[in-house]
Structure formats: structure tokens, C-alpha cells
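Q: Feature list, courtesy of TrEMBL:
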{"type": "TRANSMEM", "residues": "6-22", "note": "transmembrane segment"}
{"type": "TRANSMEM", "residues": "34-54", "note": "transmembrane segment"}
{"type": "TRANSMEM", "residues": "60-77", "note": "transmembrane segment"}
{"type": "TRANSMEM", "residues": "98-119", "note": "transmembrane segment"}
{"type": "TRANSMEM", "residues": "193-211", "note": "transmembrane segment"}
{"type": "TRANSMEM", "residues": "272-291", "note": "transmembrane segment"}
{"type": "TRANSMEM", "residues": "311-333", "note": "transmembrane segment"}
{"type": "TRANSMEM", "residues": "345-364", "note": "transmembrane segment"}
{"type": "TRANSMEM", "residues": "405-425", "note": "transmembrane segment"}
{"type": "TRANSMEM", "residues": "432-450", "note": "transmembrane segment"}
{"type": "TRANSMEM", "residues": "462-481", "note": "transmembrane segment"}
{"type": "TRANSMEM", "residues": "488-512", "note": "transmembrane segment"}
Amino acid sequence: MTLFFIIIALGFSWYFIVRYFGQSVFLSSLEMIAISWVLGIAVFAGLASILMIIFTTATAGIFTFFITICFGFFSIIKLKKLKQKFWIYSSDSLKKTAIGLTLSFFISVFLILLIANSLKQNNDGSVSLAKGAAVDTPYHLFQVTRIGMTQKWDFEEPNFSGEFIRYPYFINLISGILYKAGASLAFSFHFPAFILAISGIYLLLIFFRSLGFGNALTFLSVFGTLFGSGLGYISYFAVDSISPLPIRLAAYPMQDISYPGMIPGFLVVQRPFLLGFPLFLIFALLFIRGIKLESRPSLFGAGLTAGLLPLSHSHSFLTAIFVSTPAIIYLFFFRKEIFFDSIRYFGFVFSFLAIPQLAALLLLPKFVLDSAVSLRLGWMSYPGDIGGINLPHEEASKFIPWLRLMWTNFGFQLFLPAALMVFAQKNFSNKVFILLFLSALSLWTIPNIAQFQVWDFDTNKFFAYAIMFSLAAIGVMINSIPNHYKKTAIIALALLVILSIPSALIASFNIVKYQNRGRVTMFSEDERTVIKWFTHNTSENIAILSSSSLVAKETVQNPIAVGSGRKATAGFLTWLYTHGIDFEERSAGIKVFFDDPSRGQELFDTKNQKFIPADYLVIDDILREKYPELEKKMAESGFKKIFEKGGLAVYDLAHQ
């Protein structure tokens, strides 16, 4: 009950802070409610992170709470002094508002169902993971338990002891603080995601409404953005029981599907996107308003919001750069009266907030792979990459297969940028259209020129924003044409959207329909017993070596490390690779130890320059299958088994 009142108090405080400080920027209280939860969560995480450098996690959370409440009371007092209303009604008609809220409600409920399906807490205390979430969800859960179960979080990567966390962690920090405050694991994990999902859907609708869209254009744009996907549904209907998965492991001439759509793709299981998406929408809303209305407060708000993105969601942060940079260049050449304001009120604020976060992400990590940023022509154009292009033979030209891959992944949505290129010139007198056009063009182009992560698959989030801005620009174009052509244009857009959304819709409904198939269970009774032993008998900063350090299909995250909030020596290795962490040397040392445990004293000695941080070893059936003689060799090498439950054995590596 206390936690409930704390959350309500924060919600009211965030609303009144936005109501007072954003009164010249935001247009209605409904808009402010959605914005206040998103900004509140991001600012709370940012301020708590700063305080956690000095204070314990709990103390930092308490200080941040009281600072927020104080600002909330200050805002209420100022609003009363200025005789400002606490609630601002929308200028939209009641019918238009009701339609928007209804649309947002049904999409939000559907999205929440998909998110909730990713992790369920069973009655026996175990946790059940959906098949499609069995990789992403345990990693995020590990961050949540690590933050929530330690007295003072050390900002280390839970998956790789000794390395600075290189992943946008703001949403998981909020979940971790909720967990520390006494909330259940499922509530802590899901509550921020649910709130952000609702806010994100409503802000997407507000974004399109702000461009002057009526009900039809708004409906089509929202559905096209969220469910726009490729041509997987053709295979689904052509061959019974073949579902349009993100990766189909196709063979030439077929191409893999690496863009699954926002829903059911990265908006469901990739938690930072749930925070980054609504944050980006607030930035885009304010940035466009600022330039359109020449509003300095709007530009300042856009800079503040964009500055919260680096540790909220990397792809949304980069997208903000890809959107604002061409816009500012355009202003320099054609709108100098706004250019200087955009630099002063947007650029400086954005840089001031973003640079310290980027410095931490770039300078603090110790185990860094060579730069993942590289130039190449064509997204997913490296044969052999998971989800990459399929060639008829090794020496074959990539161009035609790449065109097929783009057509398979985006289908009829490719007509959006094509239409913009053909008809854009007629709308260049419209300042808002130019901003949307440049944003769409850069977001279709840049991911096909530059690769930003080791695995090119992860670049797909940029295309979600490309589709959003393309639909926005097309909608502005449609609104500018004579009425007798407008209906035809809307029908054409409706046909395009209808042909673009079946793959994502089918995959989404299949998740609900087959939600109990292939689920993965974590925290069995034996695992919970071992977890309890670790929480009561070990330091919070010890590192656990386990089967998660192996490159094997069955090893994702070790439930003992995740459940106890302790660090992992190494694992899940695929996550380390995609995050740009160089684990090769440590992985080689671990293999040496598994082959010959007598080398443990040398490998685990902190005086050794290349030592492996490992305090305990958890042996499970996966390790036994890979190394049948491991337990025998451990005993012969002097390592003691200090706890055992079921098929899990714990060895002390600190004393040999």
C-alpha cells in the first residue's frame, strides 16, 4: 500500500511539474499526463544515477523521490499564485478526443498483453518466459535484480564482471528501485513497461494529430507505424503453419525477414525502446513545434528531452541526431532567423546533457571490441550474418539479393519514400513538410550506408522511425492537395497500409494464441534454494561462473546469478558480442579452467594481470554434459563443494 501511494505521489508531482514548466509548450492536460510519466521516469533514473555515484541505491532513490515531491509542491504553489487552471482541456472536439482515446486504449491493451506474456510469475515462485522473449527478457531481468538486490550498485555489466555497463539501463533502473522498495519481481519488471507503452501509443497519436491529421489519416499512420512490416504473410498463407518470424532462415532465392515491425518486435521485448520511443516522440513533437512556431521554449524542451536519450535508448538517441542535423542544416541555408535559436535553445541543451553520458559509455568500458561503426552499402548485406542476405553462390552480386531482402522486409512500405521523392517538390514551401521529408530521407538512407552495431540486424529500429516519418510526410502532402483528390489519396494510402500490416498482426495474434508453447521456466524450486543460499551467504559483489559462459544454444542466462543479483563471470556471450564487449580472452581462460581446474589458482589470482573474476562455480547438467569429468577434477584440484541442491552444485573458487 505504501508503494502504491509513492507511485501516485510521483505521478501527480510529475504532472504538475510538466503543467507548470511546460505551460507554454504543451497544449492539453491529456498530452501532459502522457508526457509527464515518460519524462518523469527518465529524469528520475538520471538523477538517481548521479546520486548513486555517492550514495547507496536506496538512499539515492529516496533523495530523488523527495526532490521530485518538492518540485511538485513548488509547481502547485506557483500555478495557484498565477491563478492557472490545474486541468487544460484539449482544443479538439469531444468526438475527436474520444476517438483518439479509444484507439489508444485498444492498441495499448493489446501491447500490454504481449508485454505481460513475455514474463509471467507462476504460483510456485518460478518465472515463465515466452519463447520469443527467452533471450532478451533474462538479460533485462538480470539488470533489475542486480540493481534491486545490491546495497550500492557499481554500474557494472551484470553479464561480465569488471566491465562498465554499456547498455541503456534507465528503464531497468526504475524497475530495480521498485524491486528494492518491496514490489514483486513481476510488478517491478512490468509496471514501468506498461506505463510507457500506454504513453507511447498516445503520444504517437498526438504526434500525428499535431500535424493536422483527421481521424482517417491518424488511424492509418498509427497502424502503419506500429504494425507496418514485410511480406511474411504471403508465405504464411501459401504454406500452412509457417509463421512470419523475424528470422526465417530462408534459402536463396528467398530472403530472411529481419524487420518484424514495431509490434510484435522490439516494442515488446526490447525494454529500452519502450522508454526511448515515447521520449523520442516528445522530442519530435517539440522540435517540429519549435521550428514551426519559432518557439524557444519548445526548442529548449526538445533539447532537454533528446538529452535524456543516450542512457534511455541508443537507437532513439541516434535517430534524434539523424533528424535534427539535416533540419538544422536546412535552417542555416534557408531559415537563418530560426537557425540561431535552434543552436542556442536546442543544440546547446542537447549537447550539455548528452556529452557526459556519451563520455561514460565511450571512456569507462575496459573490454571493447573494435569499433562497430562501419560503412557498407546495403542493410544486412553481409552474406552469412544471421538474417543477412542469401546469395546463389559466394561470388554472386549482392545487389539483386539485397533488393529482394528489402522488398521482403518492407514490402509495400517502400512506396512511401518513393512517393515522397516524386511529389516532394510541390510541398517545399511547407516548413513542417520539409522537416518530415528530410527526417524520412535520412532514416531510410543512413542505415543503408552505416552500420552501428556488430550485428547489423539491430539497425532495424531506425527503419521503424523511417516509416513513421514517411507516413507523417505523406499525410502532410495529402492534406495539402485539393479536396476532390484527397479522398483518392487517402484510399491509396489505406490500401498500402492494409497490404503492409498483415505480417505483424498475424505474428502478434500468434503470440497470444500460442502463448503457452515453448515457454522457458526460470527459478525452479532447486534454483530458488541455491539462490537463497547465495543471498544469505555471499557478498553482493561476488562473481558466479556457470554454464552461461559457454557458447551453446541452451545457455542464455544462469538463473542463479540472475535470481541472486550477483555478477556473472561471463555470459550470455551473444549479448556480450552484440554489445561490443571483447570476451575472447576471458572465454579462453574459462575454457582452460574447465579443461584443467588445477590452473584455477593462477587464473583466479587477482595479482594476475589477466585474471578471471570468479568467486564461485555453479555446476549444472549443461556443464556436466560438456565436461563430464569436471566435478572429479575439481575435487582432485582441491576445490570444495560447499552447497548442493538437486542437480546444482556450488564450488568455492576463492579457496583452493
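Each Cβ is built from the backbone N, Cα and C atoms, and glycine gets one as well.
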Q: Let me check one thing: do the transmembrane segment (60-77) and the transmembrane segment (98-119) come into contact, meaning three or more Cβ pairs under 8 Å with sequence separation of at least 6?
A: no
Q: Do the transmembrane segment (34-54) and the transmembrane segment (6-22) share at least 3 Cβ pairs under 8 Å, sequence separation 6 or more?
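A: Output yes: the transmembrane segment (34-54) sits against the transmembrane segment (6-22).
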Q: Apart from its near flanks, which chain residues at least 6 from the ends of the transmembrane segment (488-512) lie with a Cβ under 8 angstroms of it?
A: 110, 113-114, 117, 130, 132, 216-217, 220, 223-224, 226-233, 236, 243-245, 257, 260-265, 411-413, 415-416, 474-475, 477-478, 481
Q: Looking only at residues six or more beyond either end of the transmembrane segment (272-291), which have a C-beta under 8 A from one in the stretch?
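A: Distal contacts: 25, 34-35, 38-39, 41-42, 115, 167-171, 192-193, 196-197, 199-200, 203-204, 206-207, 210-211, 262, 266, 297-299, 301-302, 305-306, 308-309, 312-317, 319-320, 323-324, 327, 331, 335, 338, 341-342, 345-346, 431-432, 435-436, 461, 465.
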Q: Based on Cβ pairs under 8 Å, which of the stretches 6-22, 98-119, 311-333, 432-450 lies most in contact with the transmembrane segment (345-364)?
A: 311-333
Q: Quick test of the contact rule: Cβ under 8 Å, at least six residues beyond the ends. What residues does that give for the transmembrane segment (311-333)?
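A: Same-chain contacts beyond the ends: 42, 45-46, 49, 168-171, 272-273, 275-277, 279-280, 283-284, 287, 291, 339, 342-343, 346-347, 350, 354, 357, 361, 434-435, 438-439, 441-443, 446, 452, 458, 461-462, 465, 469.
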Q: Taking contact to mean 3 or more CB pairs closer than 8 A (sequence separation of 6 or more), are the transmembrane segment (405-425) and the transmembrane segment (98-119) in contact?
A: no
Q: Counting only CB pairs under 8 A, let me know which of 193-211, 432-450, 462-481 has the most with the transmembrane segment (98-119).
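A: Counting Cβ pairs under 8 Å, the winner is 193-211.
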Q: Apart from its near flanks, which chain residues at least 6 from the ends of the transmembrane segment (193-211) lie with a Cβ under 8 angstroms of it?
A: 30-31, 34-35, 37-38, 41, 92, 100-101, 103-104, 107-108, 111-112, 115-116, 171, 217-218, 221-222, 225-226, 267, 271, 274-275, 277-278, 281-282, 284-285, 288-289, 432, 436, 468, 471-472, 475-476, 479
